[in-house]
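Here is what TrEMBL says about this protein:
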type: DOMAIN; residues: 106-308; note: domain 'VWFA'
type: TRANSMEM; residues: 12-28; note: transmembrane segment
type: TRANSMEM; residues: 70-90; note: transmembrane segment
type: TRANSMEM; residues: 320-340; note: transmembrane segment
Amino acid sequence: MMNLFTNPEMLFLAAVPFPAWIVSISRWKRFRSALRILENSRLSAGGSLVYSGRGSEEPESSEKSASRRFFIRSIMYSLAWFFLVAAAAGPRWGVSMVATRQEGSSVIFLMDISRSMTASDLSPDRLAYASRYASLLLQQMEGVSCGVVLSRGESVLAVPLTEDHQSISILFDSLSPVLLSAPGSSIAQGVKVAVDSFPSASSSSRTLIVLSDGDGTESEAAAAGAYARSAGVVLAVIGIGTEEGAYINVLPSAEEPRFENMTLGSGVLRSLADSGTPGSFYAAATDAGSAWRVLECVSSSGMTASRLVQTEKTVNRSGFFILLSLVSFMLALIAGGRWCKK
């Protein structure tokens, strides 16, 4: 539900009317008791209570009418407040296509450093192979802002976007599963962290190069691809490993080792690319020309030229809730008799 609001912390303000309700009900009960005492004293004196502009009415019916107006007015004021709080929280749902001009290019490398990347079906192992592959790509991206996200059980932005490629090269040379402590692998989470690492106000095109062996589920990968598509980020997904796989010890610190065969999860990686922004693709690192295809993707995404692209933007619905708040406020005034003829 929190994904529906830009500022979900504002929703806590919705609790403000509840203390006011308690105070108002308490005051209304005291007022009603005083009204009954006054009416009884007038009746005992042979008089009757006359309500403004309405002539003589039965005390009981007048009291019920006043009670009804009080509760309707209170509910309408509360709804007006709730809708105003919802508007301040920035409700958003649905998407619309927005044309934006992109100039230049920015690239983030998403490096999978989970334990499965230590499998040796690629020489000397998958992680070292991915490191060399990424380094070769980086050498061809002079003048392009690049960054690095590392992914294991958790994902972190290791190097923000920069044109200083030396720091990225140093990181590539030192990649290891020990850089992150969380066990497991979550490439889908890594995609989301990487997508969020692109500046939203930047006009440059955005390409995410994913180097992973595809550990995870296809449904998670598809959701991550859709997230990248909503932000207009093109995915170049490179599979690191082979279909035959290789055995690794999944319990290196245990007394009894347990070996499992780690095969390339090409289905997961294809699902990620297929659900991504148009222009996204999947290729195995061992495919001939795969690196050239990545560079071509970055180039066509805006390395040397500007272009007008259509991106999906979540629609902000604050105006709708402000309108509901105004309508509720007007109804509260009417229910309170502010605009009624007396």
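Numbering starts at 1 and runs along the chain as displayed.
Heads up, the Cβ atoms here are built off N, Cα and C, so glycines get one too.
Remote same-chain residues near the transmembrane segment (70-90) are listed as 5-11, 13-14, 16-17, 21, 24, 28, 316, 318-319, 321-322, 324-326, 328-329, 331-332, 335-336 (criterion: CB distance under 8 Å, separation of at least six residues from the stretch ends). On the 0 to 100 pLDDT scale, the model's mean across the domain 'VWFA' (106-308) is 91.
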